[in-house]
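**Q** This is the structure, below, for whatever I ask next.
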Amino acid sequence: QDAGNHTLLSEFILSGLSSHPELQHLLFFTICFIYSMTLIGNLLICLATAHPTLHTPMYFFLRVLSFLDISTASVVVPKMLVNILSEDRSISYLGCVTQLYCVVFLASTEWYLLAAMAYDRYVAVCRPLRYPAIMSTRACLSMVLLSCCSGQVVSVVQTAWVFTLSFCGPRRIDYFFCDIPPLVLLSCADTSRYERQLISATALVIFTPFCLILLSYTCILSSILRISSAESRHKTFSTCSSHLTVVTLYCASGTLIYLQPKSSNSQEAKKVLALIYTTVIPTLNPLIYSLRNKEVKEVLIRGIAVLMKK
């Protein structure tokens, strides 16, 4: 019977962020504003870092990060905005599979990319003379390709595991998009084996890159403390602290969401964390990187000045 219910299931219902009608319009305009800022900010980063003066590995990785942020927000937010104002909050079975696959792929890829960015900063600070040779164009492209391939493997495995579970009973997902924890809650089968596998995947996708990032920044901090010039020390620390801020936000929200997939008492908290992970952080990235980066600001200002003259 479970297998039959699983086979015949054609759609899910997304409950959304809030069940309070009086909050729907406020949520709609707030999230719409955040999403607009995400698109504008990250598109500006993509355009600015494509400038010939910013053709370095750091800005190449930043451009890829901005593209991933735009993609992550675009997979989740448009459907969420439609559901906020619509009475029909259904999502097809195939649509749910696709959304979950894309979210896991983009999030996993971004984690590996953040590790690559940390390694780039490590080489720049700790091995400056060998930096051009180590961080060649080929090496940078290989790191991005490896990040995408790793994200692809994680996403295929996790999506396949989730949708081989038997779903019975209500088809209502207590979430605003298709994600692993709320889908696991819908399963009537024993998910203990899957939950153990998910913890292993979380360690692989989040903790392994995080440990590599911490190792890189430990070496960077050691090198920064040996810099005699206070100005150079401040500039290096400012650049690295921006990256570390993003990593900390991702790690905190990601681990709290996925370490206890079947914990129903913390579902509301998980919604907030998921909103931060998929909507707020993609908006913060361009602010953190561009407003604290002199080169990016100069390119953006020159570009705006040229447009105004036209």
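Glycine too: its Cβ is placed from the backbone N, Cα and C atoms.
In TrEMBL, annotation is done automatically, which means it is predicted and not curated.
Copying in the features that TrEMBL gives for the protein in this structure:
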| type | residues | note |
| --- | --- | --- |
| DOMAIN | 41-289 | domain 'G-protein coupled receptors family 1 profile' |
| TRANSMEM | 26-48 | transmembrane segment |
| TRANSMEM | 60-78 | transmembrane segment |
| TRANSMEM | 98-119 | transmembrane segment |
| TRANSMEM | 140-163 | transmembrane segment |
| TRANSMEM | 199-225 | transmembrane segment |
| TRANSMEM | 237-260 | transmembrane segment |
| TRANSMEM | 272-291 | transmembrane segment |
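Tell me about the setting of these features in this model.
**A** When Cβ-Cβ distances below 8 Å are used as the criterion, the transmembrane segment (26-48) is approached by residues 17-18, 54, 62-63, 66-67, 69-70, 73, 77-78, 80-81, 84-85, 279-280, 282-283, 285-287, 289-290, 296, 299-300, 303 of the same chain, each at least six residues removed from its ends.
Counting only same-chain residues 6+ beyond the ends of the transmembrane segment (60-78), those with a CB under 8 A from a CB of the stretch are 31, 35, 38-39, 42-43, 45-46, 49-50, 99, 102-103, 106-107, 109-110, 113-114, 116-117, 120, 140, 143-144, 176-177, 278-279, 281-283, 285-286, 289.
Under 8 Å from some Cβ of the transmembrane segment (140-163) lie the Cβ atoms of residues 57, 60-61, 64, 97, 100-102, 104-110, 112-113, 116, 119-120, 180, 183-184, 194, 197-198, 201, 204-205, all in the same chain and six or more residues away from its ends.
Long-range contacts of the transmembrane segment (199-225) within the same chain: residues 107-108, 111-112, 114-115, 118-119, 121-122, 125-126, 154, 157-158, 233, 236-237, 240, 244, 247, 250-251, 254-255, 258-259, each at least 6 residues beyond the stretch ends and with a Cβ under 8 Å from a Cβ of the stretch.
Through the fold, the transmembrane segment (237-260) approaches residues 107, 110-111, 114, 117-118, 121, 125, 179-181, 198-199, 201-202, 206-207, 210, 213, 217, 220, 224, 266, 269-270, 273-274, 276-277, 281, 284-285, 288-289, 292-293 of its own chain, all at least 6 residues removed from its boundaries and within a Cβ separation under 8 Å.
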